[in-house]
Ligand SMILES: NC(=O)C1=CN([C@@H]2O[C@H](COP(=O)(O)OP(=O)(O)OC[C@H]3O[C@@H](n4cnc5c(N)ncnc54)[C@H](OP(=O)(O)O)[C@@H]3O)[C@@H](O)[C@H]2O)C=CC1
Ligand SMILES: O=C(O)CCC(=O)C(=O)O
Ligand SMILES: [Mg+2]
């Protein structure tokens, strides 16, 4: 592959993929594309990069970074938002990491984050929410939080099928819905915006498959399907039904439903069974707070997953800490839960932990468990020391406020000490 405006590191090697075995082959010096992103991305991404590099070196490897561009930096370099160079690099080198990218509200270009997920078919958005020692939290028992959110990443209202009020197109759709589909008098008169919410059996089943496999491989107790199927029967309701169907079809020995749990096991699931259950999304959002220990792996359509991952993150220190990753077959793009937080941009103050811990998921994905553990331990030690960025300092008694770069430097020192 040739690139117009990015330099491919000479010394690195490619991560490759064995499709049949669904396995990556990872050299000790992989080329890893990185997008710094917009807003605070430019603060947190370079310092997170240093931490990840340090953990790789401490375990005898080397990451050969390949800087690629999207959003503001791409507009400057290429005069476009998402150049082919970037998409091609993420496709070719398979495992990569990105900071947040800004999306304008109400008009302008569509989300570049969503575009990347769709172009690379990164159909799972995995966002683990877990407690780190010493993290300040608005809840009484934050240590109870240990959930992994599997969010469908390519469809739902994020498919981008919508029509703007006042256009001929939206009036055509209104006419079709009212006259041909029989929804007369359902839409108020006057300007209207209309969107379409596709949820497919294919998209649902491949996401739920990933969630159940994850639960089995990581010894998790349950997978909860989170939907609003009482209201959106044929989209969110179908998500729930296809989710149960998939569990029955493909995991009959490894999973049980909640009825079976109570009827046959009196509420105590055997060690080797994953309980598949479902909850309506509004109820689930309050149960995150009130029944935290009852939930484990969660699987849900795109919009529910977007809302729920920020809400869950708030219970364990906030968005400055919440990590994530986009995963497809043989492709992976780590990315924090948070956005570009424009008001904090360029001040070297935003918390880089979410980006660092997203990188930790990337290290795990590369099979570098030892490096990932070093990152986890060093971040946890740093937070426990109360020498933290502004977002945590304002919640911690006796805390000391550090710049993002100072905070990351201290994490690097801790990695040296721990290695
Ligand atoms: N994947 C992506 O790239 C995403 C992109 N976005 C985009 O980002 C832009 C801004 O979105 P917005 O809704 O403001 O949400 P953001 O997640 O960017 O920020 C919301 C608030 O969360 C806190 N926060 C977020 N990140 C950090 C951090 N690293 N350290 C400390 N605090 C943090 C800040 O709170 P406080 O000010 O209280 O300290 C901030 O004001 C939008 O264009 C949106 O579309 C949004 C989400 C994901
Ligand atoms: O793409 C965006 O700008 C927002 C996406 C988002 O909030 C998310 O993926 O969590
Ligand atoms: Mg979000």
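Counting starts with 1 at the first residue shown.
Note that Cβ sites are derived from N, Cα and C of the backbone, with glycine treated the same way.
Residues or ranges marked as NADP(+) binding site by TrEMBL: 102, 351, 390, 394. Look at TrEMBL and you will find 111, 113, 117, 127, 151 tagged as D-threo-isocitrate binding site. Sequence annotations record features per position, and here TrEMBL assigns Mg(2+) binding site to 306. Feature annotation from TrEMBL assigns domain 'Isopropylmalate dehydrogenase-like' to 31-411. Residues annotated as N6-succinyllysine in TrEMBL: 98. Under the heading phosphoserine, TrEMBL lists 111. Residues or ranges marked as N6-acetyllysine in TrEMBL: 140. The site 'Critical for catalysis' annotation in TrEMBL covers 158, 228.
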Proximal but sequence-remote residues of the same chain as residue 113 (D-threo-isocitrate binding site) (Cβ under 8 Å, at least 6 apart): 100, 101, 103, 335
Fewest-neighbour residue among binding-site residues, criterion Cβ within 10 Å, set 111, 351: 111
Recorded positions whose CB lies under 6 angstroms from ligand 2, from 127, 158, 228, 306, 394: 306
Inter-residue Cα distance where the pair is residue 140 (N6-acetyllysine) and residue 117 (D-threo-isocitrate binding site), in Å: 36
Cβ neighbour count within 10 Å of residue 390 (NADP(+) binding site): 19
Under 8 Å by Cβ from residue 158 (site 'Critical for catalysis'), counting only residues of that chain that are 6 or more apart: 111, 114, 302, 303
Pairwise Cα distance for residue 228 (site 'Critical for catalysis')/residue 306 (Mg(2+) binding site) [Å, integer]: 14
Nearest of the recorded positions (98, 127, 140, 394) to the residue listed as 'Mg(2+) binding site' - Cα to Cα: 127
Most Cβ neighbours inside 10 Å, all chains, among the recorded positions 98, 102, 228: 98
Distance-selected recorded positions near ligand 3 (C-beta under 6 Å), from 98, 102, 117, 158, 306, 351: 306
Candidates 127, 151, 351, 390, 394 (binding-site residues) with Cα within 10 Å of residue 140 (N6-acetyllysine): none
Alpha-carbon spacing, residue 394 (NADP(+) binding site) to residue 127 (D-threo-isocitrate binding site), which is rounded to whole Å: 25
Listed recorded positions with Cβ under 6 Å from ligand 1, out of 98, 102, 151: 102
D-threo-isocitrate site span - longest C-alpha distance across 111, 113, 117, 127, 151, in Å: 19
Distance [Cα-Cα, Å, rounded] between residue 151 (D-threo-isocitrate binding site) and the residue listed as 'N6-succinyllysine': 18
